[in-house]
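From Swiss-Prot, here are the annotated features:
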- 28-48: transmembrane segment (TRANSMEM)
- 57-77: transmembrane segment (TRANSMEM)
- 106-126: transmembrane segment (TRANSMEM)
- 129-149: transmembrane segment (TRANSMEM)
- 156-176: transmembrane segment (TRANSMEM)
- 179-199: transmembrane segment (TRANSMEM)
- 230-250: transmembrane segment (TRANSMEM)
- 254-274: transmembrane segment (TRANSMEM)
- 296-316: transmembrane segment (TRANSMEM)
Amino acid sequence: MSDTATPLAPSGVFSVPGKDGDPSLREWLALLKPRVISLVVFTGAAGMAVAPRWPSIPIGLITILCICIGAGAAGAINMWYDRDIDAIMKRTVVRPIPDGRMPEQAALVYGVVLSVLSVIVLWLATNALAADILAFSIFFYSVIYTMWLKRSTPQNIVIGGAAGAFPPMIGWAATMNSMAVLPVAMFAIVFLWTPPHFWSLSLYACKDYGKAGIPMLPVVKGARHTRWQILIYTFILTAVSLVPSFVHEVGLTYTVVTSLLDLGFILCAFRVLMDKQDAEGVSLTKDKPARFAFRYSLVYLFLLFCGLLVDRVLIG
């Protein structure tokens, strides 16, 4: 399998009108990657909710909307740039651009316009700090991750994970116009959660990534190395997840909930490591442990932030 990235197709290769004429609302929404932004919006709302001072309902809703639109806009730019590799991978071939339901130029303009609007509206409604973090997160995902890291290094997910970790800081900043230990800890949790989450996916989608020339860790370093990295990053994540407890930002509820979730994640990582493998470390069970770990990681992050919200409510 190749460890080099597939070059971007020349402009115009995928410039085709929608199969049934103009793109429908469904196609425009699909460009925003709704499944991805749902978790982003949740963590952003959590960052806002755990702040000492709650925003007014209108400001809170505008903040959540701007995070949603900003994240979706970055996703649209990502789909525009990745249209060549999306057309190769089974998991992404049905996306609007490679499937011929969306002209590529329209997707790019759509992403850029929504990016600018989300930042301007958030700045006008809240403050410059929140808008600046949102703008940087969009730039980080659209340019640094999508246009550089994704196709150039197996550490793409490790570094690129920062893009999806900013929303808690945005939510907090929109409310407080400042930064503190807790939102930074929330950023670190999401940042360190990203590698084991996506590497679990990449284990069972390895052939797809290799076919597209994306240097994901299993493609470049092999499945066995990836399994060890999942375990290592899971241990680091579980340690960092308890930082809010160590600095006395949370109470017993968060500590207990997170400790139980951490134990579950560690067990998942060990199962991935001990999966039945051939001589090259390729799973003989169709990567069932990795598939379970991927699903568990989603539940983990959701319940951890829920535990944080409940804890902050209980301690006032």
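From the backbone N, Cα and C atoms, a Cβ is placed for every residue, glycine too.
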Which listed stretch (106-126, 129-149, 156-176, 254-274, 296-316) has the most C-beta pairs under 8 A with the transmembrane segment (28-48)?
156-176
For the transmembrane segment (57-77) and the transmembrane segment (296-316), check the count of CB pairs under 8 Å (sequence separation 6 or more) and say whether it reaches 3 or more.
no
Cβ under 8 Å, sequence separation of at least 6 from the ends of the transmembrane segment (106-126): give me the contacting residues as numbers and ranges.
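Non-local partners: 23, 28, 31, 55, 59, 62-63, 65-67, 69-70, 72-77, 79-80, 96-97, 134-135, 138, 142, 170, 173-175, 177.
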